Ligand SMILES: O=C(CO)[C@H](O)[C@H](O)COP(=O)(O)O
């Protein structure tokens, strides 16, 4: 039976995530556990290997409450950045990946914790299916911006003044989506970004914006899966 495209995408996500776990996780490591459907395949692979008696002393730091719940359900021992402020590696998904391995993240709303965990990691491995590859960030995906609820409409105006079409993210029952920190997410469609670092600086300088989904110079490696199998790419120097 032929896979439909979503089944195929799921297969690629799984292949990329499992290959990353097999390649990068070693005994004794402290590991950032990403959020989203691709990262969940990595968490499940780690649990499977543990069930076979491997990587039993690996400790995970989850990037969201959802990942924390999954890891606990699967019996993966967890720690915190308070106990282990430096991690060996993080494996996480992405929404859009540019050739220099800059990425947009935050489709699942975990962008702030994901960036904190990634920046605490010596190595950051992005796992993705080929559909996530893009010539320029912003081509296919908006930039999620996490804002305090205090003054959020002022942030919306500010983001529009930067050229974005802004959509406040909705959660269940059309209620505002709230992050694990209780903040709002404004999805900002800028179109293809010629200068993502300039945008990142502007977002970073604005009070009330607590995080954004531009991960620039953070990912060190990409495991990307498609019809030809899994390919490992390293961030160009
Ligand atoms: O950034 C993320 C969550 O905040 C996810 O990693 C990103 O949205 C990709 O998700 P998926 O693997 O389900 O396609």
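Glycine residues also receive a Cβ, built from the backbone N, Cα and C atoms like all the rest.
Curation plays no part in TrEMBL annotations; they are all automatic predictions.
What you are looking at is a predicted structure, and each value in this text was computed from that prediction instead of being measured.
Per TrEMBL, the feature substrate binding site maps to 35, 36, 37, 38, 92, 93, 94, 95, 105, 106, 107, 108, 132. Around the Cβ of residue 92 (substrate binding site), the same chain contributes 32, 34, 35, 36, 39, 63, 105, 114, 117, 118, 124, 125, 126, 127, each under 8 angstroms and 6 or more positions distant in sequence.
Here TrEMBL flags 114 as active site, proton acceptor.
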Review point. Setting 35, 36, 37, 38, 92, 93, 94, 95, 105, 106, 107, 108, 132 aside, what same-chain residues sit with their Cβ within 8 Å of the center of the Cβ atoms that define the substrate site, listed in sequence order?
Key: 34, 39, 114
Review point. Got a sec? Which of these binding-site residues, 105, 132, has the most Cβ atoms within 10 Å?
Key: 105
